[in-house]
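Heads up: the structure comes next, in structure tokens.
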Amino acid sequence: MELCCSGVVSGGGGVAGAGTPRAQNSRTPPGFLTAPPRTRPSSRAGCRQLAAPPSGERVGRPGDAGNVVHMLRSAAAADPAEALELFRSVARQPRVAHTTESCNYMLELMRAHGRVGDVAQVFDVMQRQIVKANVGTFCTIFGAVGVEGGLRSAPVALPVMKEAGIALNAYTYNGLIYFLVKSGFDREAMEVYKAMAADGVVPTVRTYSVLMLAFGKRRDAETVVGLLGEMEARGVRPNVYSYTICIRVLGQAGRLEEAYRILRKMEEEGCKPDVVTNTVLIQILCDAGRLADAKDVFWKMKASDQKPDRVTYITLLDKCGDNGDSRSVSEIWNALKADGYNDNVVAYTAAVDALCQVGRVDEASDVFDEMKQKGIVPQQYSYNSLISGFLKADRFNRALELLNHMNIHGPTPNGYTHVLFINYYGKSGESLKALKRYELMKSKGIVPDVVAGNAVLYGLAKSGRLGMAKRVFHELKAMGISPDNITYTMMIKCCSKASNADEAMKIFSEMIENRCAPDVLAMNSLIDMLYKAGRGNEAWKIFYELKEMNLEPTDCTYNTLLAGLGREGKVKEVMQLLEGMNSNSFPPNVITYNTVLDCLCKNGEVNYALGMLYSMTMNVCMPDLSSYNTVMYGLVKEDRLDEAFWMFCQMKKVLAPDYATVCTILPSFVRSGLMKEALHIVKEYILQPDSKVDRSSVHSLMEGILKRDGTEKSIEFAENIASSGILLDDLFLCPIIRHLCKHKEALAAHELAKKFENFGVSLKVGSYNALICGLVDEDLIDIAEELFSEMKRLGCDPDEFTYHLILDAMGKSMRIEDMLKVQEEMHNKGYKSTYVTYNTIISGLVKSKMLDEAINLYYQLMSEGFSPTPCTYGPLLDGLLKDGNVEDAEALFDEMVECGCEPNCAIYNILLNGYRLAGDTEKVCELFENMVEQGINPDIKSYTVVIDTLCADGRLNDGLSYFKQLTDMGLEPDLITYNLLIHGLGKSGRLEEALALYDDMEKKGIAPNLYTYNSLILYLGKAGKAAEAGKMYEELLAKGWKPNVFTYNALIRGYSVSGSPENAFAAYGRMIVGGCRPNSSTYMQLPNQMLNLCHTIRSLRGSSLPSSLSVFLLLLT
């Protein structure tokens, strides 16, 4: 009860057990200070007047404190004055002393009765008898003189106490300062110290040490050094502890020279530095990057009588590891062992951690094993150090083994263990795995802190998964965890990656409101994102706010602004800002120049860019490859190919062209038909033995040529390479084959391969696989089989992927027997059936309407120990759901989960679609929410199925909510999603919203298809807006779409509803002339008079009419 005083007002006492004798207990109760036992007169129980004790009886033992308080309480019940007299009487006894408990009781009693003068007397007794005061003592006195606010109000209370005659002595001042510091009230403690000095009371070394330690923890070097000076001025000689505190805080402030001056002064004053002082010196030297000096101190300690202790060794080990000093880590560890300090888990863990820091994880693992062999049990932090080392070395499996060992044998992984894996996943670009580990950590009952939250947000920010990041962010706040600077910065970066400027500004505003100061990195990210979002004015506003936030712009800040201005085409402003950088002592670096060069070249100022490139060397900033590549790009863009080639030749004299150089210049030569120059680059920089351009790089290069120059020019380029004989390989042909197959032109790719055979180019397995895959996708199974036979005949052995493609082809064509023969051939060639093989066969069986056989194969495989994957279950679930066997599908899904096969997004999409087909809207929504709760990120297909289901069920507003959610998640709606909502909105008569969505999809570059136009024409017509429907019809024709019967029916209906029979008749005529056959619905849409006309025309068939009219009528009917 040290922090409160006795509660006399309640009558029950403020100390547990007050008034109750402590039988057979001679220990001093905590917080009480008793005088040495002295024999004195005893009292009879219940008497207020003390009488002489029997011979040999002693009063005032620790156990009697409660008796004194009991007597005081009894006296107080009659009259506080009697209690005060009794208190004084006890104080006068030579063999009994008051305790903190009895004094606090009397102080509270006098305070409660407003007897301030008596409070002063009681406190005076306390000080004279050196009774220990506690927090409760001071709070009671402050309250007695009318000062509220508890202990923190000490500076205010002291002068009031002085006026009331309550003065503190050195012992009590020291106690008050100690309690203030212990409670975290350092500033108030300093004010009490100043009052103490003003009263002429000399503080002790302990007082100074307490204050110096407190302000040292705050890294307030000025105050600490000032206290040392005052200490000496008052004649208080500093001890080794005082000097050491000063050295530490000066070192932490980077003031090493002053720290060394204190050290020299310490030695001059005869105060010899001890082990702690030297250890502190080692630490601050290491922190200042002076590892060599720190090691000198260590080896001097080894040679002196102040030998390094365990803390010294561990400190230096840790610092050597942090600085990557591998040799010193070994030396210090060996010295530690030689001195016998390798006898506990802390020392071993320090060694493990240091070895991991310098990348020697195998040795760290050996030290870890040695620790266990010595019977020292590794703790959580021991495992965490080794796991961290393995993860940094990218040896994930070893780290996972350790984690599994902890889960089975202990110690239980803590939050930091999980954070290590979250960090690893995030930095590896596997944000979903990071999130999954985060959720697993929570499921283990570990409450995440801000570090764990920041770790998972890092991965989500890197991948731009804004929806998930927002969920983690809001969850942290809901748990009472305050986001810090890093949290907000990660959220801003995530918004930037997801191109959501509004959300970023909202988070930035919250950051400022919560007084969480952003750093310049966060501001740079915000500026960059705003510029990319086309909000340059806001970006500049943020830039101007940097000064208000006491933040200095960096090179990156200026480069971001330059890039933004460049994207806006503001060349003049770019040049002005570049000049401003020089005047503001921010000399441009090579990145700055490259940014400006990019701006100039993209905005038609290539000549200016050439001048700047040549002037860079004058500004002591040598151009790099990017500089040359940028200007060459500008020249190529303006078709100044001779100059581009000249620059290329000049550049290669000083810099070796890289892959980007080749990608810059080669496609332009191909496009312009400069095949000679193109072949020169191929020979000199791609086909050389020392070239760093590998097969995958060539494929990427060819993809770029295909994209920029088109298929025809790319084929011409590849033909030139083959016909020249410089490369009879499919290196340049394979990407073209892949490109054609990807665009559903597998037959053209097949013909091209045949053509290149005449040049002597033979296909490798990669090209064959691309061709076979494309042919199978287009259901050209026979040609795919021919190619399969051809490659075997020509000695190009099929690989595992080839066989899987052919298995898939057999499955698609429902040739199960042939599929099994291919599997047998695959085995004969030495390829074992893998899960991919079996999944392909199961899928083929389902496609062949042999669902029962597929399920039987699945169970047979399971009985043989097969490990299924989501691709195993996908076809089976799809088959069951499409057959209407929902219960069987649910049972199989439950079995999948029980087997430990975690469902992925594709599995959930199959289930969602199955429930959609079954018309179970509630189940679709429930399953979608469950999917999100499981940490599985829905894709666009997931959202599309849900939106389709809701629209079909008439819940359009709910569908629109999910549409907004998918955009918030950073997903881009596709054509199907837009079509569903446009149809739903049109059907509900919400045409303005439907047209707004139509405009939105066009802005995003999503081209509407015939279904889009048909929906809009239909519902515009139904709403009587035939003119708008007609415009839609004209637009679809302009876009190259061929109207179908539904288009014309919708158009005719619109004109009919709007009372425009002549336009309806014209639409019907266009339909007939266009070769689109009407259906029964067409005639139902026609106006009545037109319907009668059609019947009349039919009746006139065969009669003698003019030939031209006969032809017209024939067209109409």
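Numbering starts at 1 and runs along the chain as displayed.
Each residue, glycine too, has its Cβ placed from N, Cα and C.
Features reported for this protein in TrEMBL:
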- 15-62: region 'Disordered' (REGION)
- 161-290: domain 'PROP1-like PPR' (DOMAIN)
- 169-203: repeat 'PPR' (REPEAT)
- 204-238: repeat 'PPR' (REPEAT)
- 274-308: repeat 'PPR' (REPEAT)
- 379-413: repeat 'PPR' (REPEAT)
- 449-483: repeat 'PPR' (REPEAT)
- 519-553: repeat 'PPR' (REPEAT)
- 589-623: repeat 'PPR' (REPEAT)
- 624-654: repeat 'PPR' (REPEAT)
- 834-868: repeat 'PPR' (REPEAT)
- 904-938: repeat 'PPR' (REPEAT)
- 974-1008: repeat 'PPR' (REPEAT)
- 1044-1078: repeat 'PPR' (REPEAT)
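When each of 274-308, 519-553, 904-938, 974-1008, 1044-1078 is scored by its Cβ pairs under 8 Å to the repeat 'PPR' (449-483), the top-ranked stretch turns out to be 904-938. With a cut-off of 8 Å between Cβ atoms, the residues of this chain six or more beyond the repeat 'PPR' (204-238) that come close are 170, 173-174, 177-178, 181, 186, 189-190, 193, 196-197, 245-246, 248-250, 252-253, 255, 258, 262, 266, 269, 271. Mapped onto DSSP classes, the repeat 'PPR' (519-553) shows 26 helix, 0 strand, 9 coil. Residues 240, 243-244, 247-248, 250-252, 254, 256, 259, 263, 266, 315-316, 319-320, 322-323, 325, 328, 332, 335, 339 of the same chain sit 6 or more residues outside the repeat 'PPR' (274-308) yet have a Cβ under 8 Å from a Cβ within it.
Each residue in the repeat 'PPR' (204-238) has a pLDDT score, and their mean in this model is 88. Across the repeat 'PPR' (169-203), the DSSP tally of helix, strand and coil residues reads 26 helix, 0 strand, 9 coil.
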